[in-house]
Amino acid sequence: MIIREMILFSLLCLGALFFNSSEFVDTGIVPKWYMTITMGIVLVVYYLILSQRKRSFSFEMQGIIYAIIISCALQALYGILQYWGVLQCTSSFRITGSFDNPAGFASSLCAGIPFLWFVWNGLKGWKKLLCVMTILLLVCGVFLSGSRAGVLSIFMLVAIWGYQSVSWSKLQKIVLVIGALVVLIVFLYFLKRNSADGRLLIWICCLNMIAIKPWFGFGSGGFEAHYMDYQAQFFHRNPDSGYAILADTVQQPFNEFLRIAVDYGLGGLLGLLGMIVFLILCYQKCNSRYKDLAALSLCSITVFSLFSYPFLYPFTWAVVLLDLVILAGNTWHIHWKIFSVVGKWLVILCVMGSLCITNTMVIRVKAEMKWKHALSLSSCGLFEKAQPLYDAAERVLGNDRYFLYNYAAELNVARFYKESLDIAMKCRHLWSDYDLEMLIAQNCWEINRMVEAEEHFRLASDMCPNRFMPLYRLVWLLDRQGRQTEARELATIIISKPVKIPSVIIERIKSEMENYLTLKI
């Protein structure tokens, strides 16, 4: 039983951590989710069938723990080999493991460290030494990734261990932990000050959103649909803000609790608080020897969630669900007693539900693969062959903002500006984004809807005030409309505008604006 469960959970963990596929447009995150859901369904069906074959059975946590530890150790080793240059990293970051950026890599390691700690307490001799080396491997991976959320998560685990181990007075230990935490936060802030200030900007704009809809929020997906509009409002009202040079297009709030507040308001936060209280009560009543492991794991993920977005990745969800099951039962050795007809019907319903989920997922996977094929054809200049595939995929992916943006962008490249604008506006209801605003403005320009083009260029400029392209396009739009005075004023602003990241394109834009002013005098 232990070996069988270890194999099944190993497949789930390895899929959640490592599975990538070039058959999808998103080669990293989406395949991991599909593999995790698939293995999750397999596990559910397996335990349901087992519950009918045996009058009672027990989960074997040892196999599950070792599956998580081995998977995380392999992930850490993968990332460290990238850092040393032995393995190639496909992104601009030096170390990401099998993820798209260091956040996914570091969050998975931080979720796995408590499991190693738990095992370490019960080992002796060379096994304990091996466990310590594995812990150091994971910690090293987090530090090399540069994840400040990961460093704080590890600090929290060390603080808990020190609090339990050091024989000082309670006051001394509390003062030491708080003092060390303050020093660490200040150090991490100045380590990447611009990045930290950028997150402060995001949190300020999120608080403005919460103030507008405090009770029930903007609904599911509300952050993606509205955040950049609020960032634009912030800079429109504060054009001289020091945050302007740091602004960028934002996909995540870098705080999972703020995301809940934005999407679901204070009602969502109260629901989360109720769940936390419930888990604390479960912890107090739970007599399982794994309850401390579950509590530590949840604490580690919670600290990481305060400064990043671990719940974007399926491995975090898998670990959290495991922790919840541990704490929700009086003991992990849960005995299944499904002897009645009602119990058997419940199993049948669960199996049927799993089949429905599988069918929905298969349809989605096929649509994702059509999208990938369409994008490949379009990239080769074969949009006429790609368009039927895009249309077929849209029937399934019509609410996927990334799909809609890509379809609109490819229509724009193929010079189907009206069709591109229609798809882009459909995407706009789901997504507030700088690049999307620029695409909409470009389409409006091409079909001679200049008033709308100007609105979208200005909105894009407010979203990311440090970008040059919206103002550059506005100069030529104003000139085309005969508004040369406004165009010259804007050209002057562009010439004196500070540069965040120097580039050949920015130098060319500034040079063109200087020539424009010379010719218009």
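Heads up, the Cβ atoms here are built off N, Cα and C, so glycines get one too.
Bear in mind that TrEMBL entries carry predicted annotations, made automatically and left uncurated.
Noted in TrEMBL for the protein shown:
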- 34-51: transmembrane segment (TRANSMEM)
- 63-84: transmembrane segment (TRANSMEM)
- 104-123: transmembrane segment (TRANSMEM)
- 134-272: domain 'O-antigen ligase-related' (DOMAIN)
- 135-162: transmembrane segment (TRANSMEM)
- 174-191: transmembrane segment (TRANSMEM)
- 200-218: transmembrane segment (TRANSMEM)
- 264-283: transmembrane segment (TRANSMEM)
- 295-322: transmembrane segment (TRANSMEM)
- 342-363: transmembrane segment (TRANSMEM)
Of the residues in the domain 'O-antigen ligase-related' (134-272), how many are helix, strand and coil by DSSP? 108 helix, 0 strand, 31 coil
Residues of the same chain, at least six outside the transmembrane segment (174-191), with any C-beta under 8 angstroms of its C-beta? 148, 151-152, 155, 159, 162-163, 168
Per-residue pLDDT averaged over the domain 'O-antigen ligase-related' (134-272) comes to what? 94
Lying 6 or more residues past either end of the transmembrane segment (34-51) yet within Cβ distance under 8 Å of it, the residues of that chain are 8-9, 11-12, 15-16, 19, 57, 314-315, 317-318, 336, 338, 347, 350-351, 354, 357-358, 361, 365
